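K.L.:
Before I ask anything, let me first share the structure, which is written out below as structure tokens.
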Amino acid sequence: MKIVIASCHGYKIRETKTFLKQLGSFDIFSLTDFPNYSAPKEIGCLPEENALAKGLHAAKELNSWVIADDTMLMVPALNGLPGKLSATFAGEDACDKDHRKKLLQEMQSLESIVDRSAYFECCIVLASPEGKFFKARGICEGYISNQEKGSSGFGYDSLFLKYDYKQTFAELSEDVKNQVSHRAKALQKLAPYLQNLLEKQLVSRN
């Protein structure tokens, strides 16, 4: 069964591809395989809105089942920021390091783990060319370190520590992170729908 991961981000593609391969025989593609495809601009205030818009658009344009996701980092002490600005927190043209630097600056006066609490919220949508979709949500709670640690991952990974873990997401191995992350939790909830699609395809072939 053909399925397209609606992302050009290497880490997201790897994590999702690893998960899909564990489920069954998917022919897996990503947006890097469709250089002429133009994704819609993210304008939603919630991960669910952006993931759904991306998924439905890509599924229709590429005539394929699609997996799309959107993730936001929320810091309650900052009234939910970065939130919908997670990808542009330090500006439209800023890089991940700039966003992390701004977050640390905004949290300078916050010292306790309670005050520095944060969580990632991820919504993943499985969408069909006909407009049918399934969605799942994953949350990972933790707190923001007072300095960057680790060189793996992307985004805010080098600042985020999951509760009960002593390493940031950027210090964890991909295998470990892929079991406990917000994206992993959302993907696991989608597993029954994906397996059902595979079973239906096998039946139709026979």
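Cβ atoms are placed via backbone N, Cα and C, with glycine included.
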K.L.:
From the candidates T71, T88, give the one listed by Swiss-Prot for the same substrate site as S7, C8, H9, G10, Y11, K12, F154, G155, Y156, D157, K177, H182, R183.
P.N.:
T71
K.L.:
Look at the binding-site residues H9, H182 and tell me which residue has the greatest number of other C-beta atoms within 10 angstroms of its C-beta.
P.N.:
H182
K.L.:
Which of the three DSSP states, helix, strand or coil, fits G155 (substrate binding site)?
P.N.:
coil
K.L.:
Could you give the Cα-Cα distance between H9 (substrate binding site) and D70 (Mg(2+) binding site), in whole Å?
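P.N.:
With distance taken Cα to Cα, D70 (Mg(2+) binding site) is 12 Å from H9 (substrate binding site).
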K.L.:
Around S7 (substrate binding site), which residues of its chain at least 6 apart sit with Cβ under 8 Å of its Cβ?
P.N.:
I13, T16, S30, L31, A68, D69
